[in-house]
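Student: I have a structure I would like to understand better, so I am pasting it below and will then ask my questions one at a time.
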Amino acid sequence: MYDADEDMQYDEDDDEITPDLWQEACWIVISSYFDEKGLVRQQLDSFDEFIQMSVQRIVEDAPPIDLQAEAQHASGEVEEPPRYLLKFEQIYLSKPTHWERDGAPSPMMPNEARLRNLTYSAPLYVDITKTVIKEGEEQLQTQHQKTFIGKIPIMLRSTYCLLNGLTDRDLCELNECPLDPGGYFIINGSEKVLIAQEKMATNTVYVFAKKDSKYAYTGECRSCLENSSRPTSTIWVSMLARGGQGAKKSAIGQRIVATLPYIKQEVPIIIVFRALGFVSDRDILEHIIYDFEDPEMMEMVKPSLDEAFVIQEQNVALNFIGSRGAKPGVTKEKRIKYAKEVLQKEMLPHVGVSDFCETKKAYFLGYMVHRLLLAALGRRELDDRDHYGNKRLDLAGPLLAFLFRGMFKNLLKEVRIYAQKFIDRGKDFNLELAIKTRIISDGLKYSLATGNWGDQKKAHQARAGVSQVLNRLTFASTLSHLRRLNSPIGRDGKLAKPRQLHNTLWGMVCPAETPEGHAVGLVKNLALMAYISVGSQPSPILEFLEEWSMENLEEISPAAIADATKIFVNGCWVGIHKDPEQLMNTLRKLRRQMDIIVSEVSMIRDIREREIRIYTDAGRICRPLLIVEKQKLLLKKRHIDQLKEREYNNYSWQDLVASGVVEYIDTLEEETVMLAMTPDDLQEKEVAYCSTYTHCEIHPSMILGVCASIIPFPDHNQSPRNTYQSAMGKQAMGVYITNFHVRMDTLAHVLYYPQKPLVTTRSMEYLRFRELPAGINSIVAIASYTGYNQEDSVIMNRSAVDRGFFRSVFYRSYKEQESKKGFDQEEVFEKPTRETCQGMRHAIYEKLDDDGLIAPGVRVSGDDVIIGKTVTLPENEDELESTNRRYTKRDCSTFLRTSETGIVDQVMVTLNQEGYKFCKIRVRSVRIPQIGDKFASRHGQKGTCGIQYRQEDMPFTCEGITPDIIINPHAIPSRMTIGHLIECLQGKVSANKGEIGDATPFNDAVNVQKISNLLSDYGYHLRGNEVLYNGFTGRKITSQIFIGPTYYQRLKHMVDDKIHSRARGPIQILNRQPMEGRSRDGGLRFGEMERDCQIAHGAAQFLRERLFEASDPYQVHVCNLCGIMAIANTRTHTYECRGCRNKTQISLVRMPYACKLLFQELMSMSIAPRMMSV
């Protein structure tokens, strides 16, 4: 890589990076990371892995379809019918394509898919080999090449997307935003993102203590074959509690039992060993207790040995297990066969499912028991369910693979059924017709569209909310949504443990960004530099270990295990090694050279427990760290210099990893490294804190996620405030994407004059917050002025608002399509006329053009018609003279929302997937800040606008500066958002200095004292206070006031969208009470608590009015004799109660309609409520 003379320029000492140099150097390293990876790389890589590896693997793993007709006994001699074998082989994926109605394929661009409500998917083809075997003839092989089997939705910006690798200019020509990160799908025109799902890691042994159950301790192993369709099979090894109901009068002591898959009862552990073929006690103990010099442990196993004393042979043990199976066999042979199957295929499948894996399984089972005993003896800590090393994240790849596997299985089933029909009739079948392509296409589309992850027919078992509509409110909310993690624990559970911030989340998951309320701590977000492993094959590592003198389990004597180190690969025990130190060094060296071992593999050496664990599986969360050797960074100046020139010399992050100065460390391995926070810690001091550092953080601010990285000085705020801002930053208005004018989003807010903040963090440049900001630098004073800013409200400058301060535009799209309901009902876009059209509302239809659509530029207000559409009324058979019907059509137009007004911005007419006419109309309205709108600073300080004063009524400084916003001093002390104040100071300095201020967290170079000194250099008060003059009187305000520029955001909650009142309006059909909700012009509920207040006041008439007259007044006629509602004909004034034959003694009772309904419903249940009139 370097020439000899190039090396000469750097001396050994010269090349070291000093702490001062590091202030800038670390950001060069971080920039190179983001240049290469971007922010959604984990989504894209996972999807690419699915397309390139998983699909092919799933197709190859499927067994060939073997078909044969029933033998025909027609002509005396039995002729063996031909056998057909179908094998699916190589797969091919084409570019995303769309077939028009005329059948011509054309490449589909993502924006076209969004606008026309199509699915952005690519066709999948497969080679099928069909073999015909006839008796006495040689085999006939036919190749069906590239048979279409379905469409797979494509993730935007992944390798197979049409946008992959295009320049910014090309993207703009395709109406795509160059800043859009991709990482989502387009299904029926809406953008869907797959949320990473958390799960416990498979194939690892966990030991937990059990509370209040018959077991004291339980060891479990969720065992699952890599890349197989089998569901995980879990095996539990448990130790019974002392003197519990399980221990037989506790004479025997604590027994150990195993719970096997498909076996109903628990089986004593020793019997399982005997069933595996280890009969003598010594053999079994050797596999459990490696060291016989351990009396305590021997004592623990003794009760289990005594219990299984009765059963001494393998077959007896197998019979014992088989007879407890799900459906026990009739004969002994069948039972034994069943037990053998369970032990071979279902117990610990990851160790092996082929024959002769008994030794390995016995060792693994023994290891599980050993772990259980260690925990029971208190020699090893129990496992932690919430440790992030024990968790795996299922991203798009594994999630889609799970779905595709199920769909493909169904496809094969259908092919088999179809082909068998033809073969039974003695005909050949057509493969193209046998393959139902809709199974895969619709199956994947259904799950991505609804978020129910699984088969459509079993929707109730499926996980909900795996796929969500991508949040497009602000650019930051989009990025954050693409990096979200979800724990599938019931939201209603009151468990605090899984919700708490675990130590192992440091650097992997953002500590601040999590929703408030019932999902707190269950929904998390990735930290900025965290990456999720894609998974790689363990085979090269296994081969390497074989060469490097690892002893295989089958070849060793059990006695050797006690002193050696066990080696696990992906949770499976593969062997032992005598020299772990050297092995680990070699493995690490290989990983750093990226030779044999991929950089995302993690290697953990647990010295205390004498174990080496190697993980290559997918879904481990890891992050890059700098490698330290001999207390010096391996990263040198020359690397930094090359990175600075990376645009010209192609030296990138990948080269940095390849040259072995950075490596990826996952959560488990992080616990075995010694981490320096800054290179400053590596300096030799008099009192060294530690002299064995192995790694160093790149920059501590990288522990934060997307939304928390926007906060200036988050290390000066009380922690919940950062959490609040992380949630509010997702609701701020800005420019959410640069191509918003060509998109037809259902809802969109765009700020008129967004500004980049004066005070920024260094992380912001990777979030593109400077290019797509969401807020304005406002002059903010902290004062109580006229008292219109109490309780978190703010006073705004009316004149600034008139000049465009925080003005925004709001877009809403309406869509409608013509579709054919039946053969005689068809929908048409047209302008309905009152002569021929039934059911027209009292609305203005005049604004429509003749084609039924409104023209752009027309001003519309609530309940105006935007899209005119009619549907033909079906002709009734009984009408003979149907020619002179008055109405032939029914109106089913689309109206503007009642509470909105605006101007039609854009009208789009096109054809949708079925070839029907389809239109989208976008209406825009200008939103000017007004009293009641919500604003917030970047520190969780939210407030609504309390009043707006003209500029001349606002206070002013001697320089003539008036604040845009005045907030109340009471907002600061109890909330301790000191970052807010420092930001204001820093902003003041920046405005004077003319350069952007740095507010990156954990940065010792910036502190309040330094900022204050700079401020006083510019002739201001040290702490930012100024003398203000009252705007009403012009007099000096007695106290000095803190004033300066602070970045404020306008949030999406606006008073226009929420204002609601009702006098009269629609009522519900069932109980005749007012409807609910603003959109339906509903009433306001007078609830139980309000009722109680009125009772306490004794306001009886008011109570009657609210709960009766203003709600659902009704009157019924009641028979005075039996108290049940009577028949009343109010026109003829005749009343009767048939049961009592009473026509005279009837009273009129007024009651709420809901009460009458309740009485009648009770009557339908044979309960007769009688209303006796007094």
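We count from 1, first residue shown onward.
Even glycines carry a Cβ here, placed using N, Cα and C.
Feature table excerpt (Swiss-Prot):
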type    : residues                           : note
BINDING : Lys409                             : DNA promoter binding site
BINDING : Gln456, Arg1078, Arg1085           : DNA template strand binding site
BINDING : Gln731, Arg841, Arg890, Lys942     : RNA binding site
BINDING : Asp792                             : Mg(2+) binding site
MOD_RES : Ser937                             : phosphoserine
MOD_RES : Lys1052                            : N6-methyllysine
ZN_FING : 1119-1140                          : zinc finger
BINDING : Cys1119, Cys1122, Cys1137, Cys1140 : Zn(2+) binding site
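How buried are the listed features, and what sits near them?
Tutor: The secondary structure of Lys409 (DNA promoter binding site), as reduced to three states from DSSP, is helical.
Annotation note: Arg1078 (DNA template strand binding site) sits in a coil segment as assigned by DSSP.
Neighbour count (other Cβ atoms within 10 Å of the Cβ, all protein chains): 19 for Lys942 (RNA binding site).
Secondary structure at Asp792 (Mg(2+) binding site), as computed by DSSP, is coil. Counting every protein chain shown, the Cβ of Asp792 (Mg(2+) binding site) has 17 other Cβ atoms within 10 Å.
Applying an 8 A CB threshold to same-chain residues 6+ apart, the list for Ser937 (phosphoserine) reads Val780, His980, Glu983, Thr1046, Tyr1047, Tyr1048, Gln1049.
In sequence order, Leu473, Gln731, Ala732, Met733, His749 are the residues near Lys1052 (N6-methyllysine), counting only same-chain partners six or more apart with C-beta under 8 A.
Taking DSSP states H, G and I as helix and E and B as strand, the zinc finger (1119-1140) has 0 helix, 9 strand, 13 coil.
Non-local contacts of Cys1137 (Zn(2+) binding site) by the CB criterion (under 8 A, 6+ apart in sequence, same chain) comprise Cys1119, Leu1121, Cys1122, Ile1124, Ala1126, Ile1127, Lys1143, Ile1146.
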Student: Reduced to three states, what secondary structure does DSSP give Gln731 (RNA binding site)?
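Tutor: Looking at the DSSP assignment, Gln731 (RNA binding site) belongs to a helix.
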Student: Could you tell me the mean pLDDT the prediction assigns to the zinc finger (1119-1140)?
Tutor: 95
Student: C-alpha of Arg1085 (DNA template strand binding site) to C-alpha of Arg890 (RNA binding site): distance in Å?
Tutor: 35
Student: Work through the binding-site residues one by one (Gln456, Gln731) and point out the residue whose CB has the fewest other CB atoms within 10 angstroms.
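Tutor: Fewest other Cβ atoms within 10 Å, among the binding-site residues Gln456, Gln731, is found for Gln456.
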Student: Going by DSSP, is Ser937 (phosphoserine) part of a helix, a strand, or coil?
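Tutor: DSSP call for Ser937 (phosphoserine): strand.
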Student: Within 10 Å of Asp792 (Mg(2+) binding site) by C-alpha distance: pick out those among the binding-site residues Lys409, Lys942, Arg1078, and say none if nothing qualifies.
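Tutor: Those close enough are Lys942.
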Student: Here the binding-site residues are Lys409, Arg890, Arg1078, Arg1085; which one has the lowest number of other Cβ atoms no more than 10 Å from its Cβ?
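Tutor: Counting other Cβ atoms within 10 Å of each of the binding-site residues Lys409, Arg890, Arg1078, Arg1085, the minimum falls on Arg1085.
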Student: Rank the binding-site residues Cys1119, Cys1140 by the number of other Cβ atoms within 10 Å of each Cβ and report the first-ranked residue.
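Tutor: Neighbour-count leader: Cys1119.
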Student: Measure from the CA atom of Gln456 (DNA template strand binding site) to the CA atom of Lys409 (DNA promoter binding site) and give the result in Å, rounded to a whole number.
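Tutor: Just about 14 Å between their Cα atoms.
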Student: When the Cα of Gln456 (DNA template strand binding site) is compared with the Cα of each of the binding-site residues Arg841, Arg890, Lys942, Cys1140, which one is closest?
Tutor: Arg890
Student: Report, in whole Å, the straight Cα-to-Cα distance of Arg1078 (DNA template strand binding site) from Cys1140 (Zn(2+) binding site).
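Tutor: Their Cα atoms are separated by 48 Å.
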Student: Near the Zn(2+) site, what residues other than Cys1119, Cys1122, Cys1137, Cys1140 in the same chain have a C-beta no further than 8 Å from the centroid of the listed C-beta atoms?
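Tutor: Checked against the 8 Å cutoff, the neighbours are Asn1120, Leu1121, Gly1123, Ile1124, Ala1126, Arg1138, Gly1139, Asn1142, Gln1145.
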